[in-house]
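Quick look at what Swiss-Prot lists:
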BINDING   98, 108, 132, 223  substrate binding site
SITE      139  site 'Important for catalysis'
SITE      190  site 'Important for catalysis'
BINDING   223, 247, 251  Mg(2+) binding site
BINDING   283, 284, 285, 286, 287, 288, 289, 290, 291, 292, 293, 294, 295  NAD(+) binding site
């Protein structure tokens, strides 16, 4: 049956427009013949804020909510610009979108693909997914400051963990594990110190685990997890964690599997009540913007996540396979640097020729 995907595109700042351009080329090639792609571009980002004084208005949110999904490039301007201090763009755009659209799952697949160098001497088979809770924890904004600027200043950041928020994240992790070959869930927290929140997470995992007898479950403190990510990353299949620990885990996971230039992510509302957002993990890199030096692979892998989320799993697999082919070819072919467009061309060729 014919279908139209309504996609909001936010190229953003710096290298964002360049990598999104290549991602859209691949997306248009990958969608099945009976699927049409209707894209609407939005100017949000640091540049838009500096021009207009606005980051993301209520009317902007209402417009974005009408789409099936959002593809984001990267946002952020010159870090030396005082007008952008304090993470104003990240909080006013990315976090605002996450909370407004209830993106309670931050999904970060990690795989060491053939031809990709890892800083680890013997990484083994690296193929796991981090399921990070996206709307609670210390990022919920529950805190404050008293006596700022004095020797008696008090600053608090309260980590908010609700039974509802924890359970829906844990259930997503178990349902994902059921679809994977190894069917293993690892809860990562710090239950020996963060006893109240840790207990809620552990009790929830124990209860949901009883409904999934085919899934193996274990627990690691977050510090032990960081060690195992370096010494034995192949032990992991699905990691589930809170907002803060998940944020830290995913950056190290990217580092051991080729770097953030290959890392894709999804901020997901699994219910479909709001559009989910997909983006490369890397930043806007304003120092190389417009020079065709950025690798668009992470943005293209974000397209694979987007397709899978929209139920087009075969198209998603084709994109992932084409990226794998290109990465393998890079390792054995000409080592000369390629432009952003040349990487896009190569992945498009692999997609149309082999997949």
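Glycine too: its Cβ is placed from the backbone N, Cα and C atoms.
For residue 289 (NAD(+) binding site) paired with residue 247 (Mg(2+) binding site), the C-alpha to C-alpha distance reads 26 Å. Those same-chain residues not listed among 223, 247, 251 yet with C-beta within 8 angstroms of the centroid of the Mg(2+) site C-beta atoms are 222, 226, 244, 245, 246, 248, 249, 250, 252. On its own chain, residue 293 (NAD(+) binding site) has 15, 337, 339, 340 as residues at least 6 apart in sequence with a Cβ closer than 8 Å to its own Cβ.
The shortest Cα-Cα distance from residue 223 (substrate binding site) to any of the recorded positions (139, 190, 247, 285, 291) is found for 190. The closest partner of residue 291 (NAD(+) binding site) among the recorded positions, by CA position, is 108; the full candidate set was 98, 108, 190. Largest Cα to Cα distance within the recorded substrate binders 98, 108, 132, 223: about 27 Å as a whole number. As a whole number, the greatest separation of Cα atoms within the NAD(+)-binding residue list 283, 284, 285, 286, 287, 288, 289, 290, 291, 292, 293, 294, 295 is 15 Å. Over all protein chains present, the Cβ of residue 283 (NAD(+) binding site) has 17 other Cβ atoms lying within 10 Å. Each of the recorded positions 98, 108, 132, 190 was assessed for Cβ neighbours inside 10 Å, and the highest tally belongs to 132. Between the alpha carbons (Cα) of residue 98 (substrate binding site) and residue 139 (site 'Important for catalysis') lies a span of roughly 11 Å.
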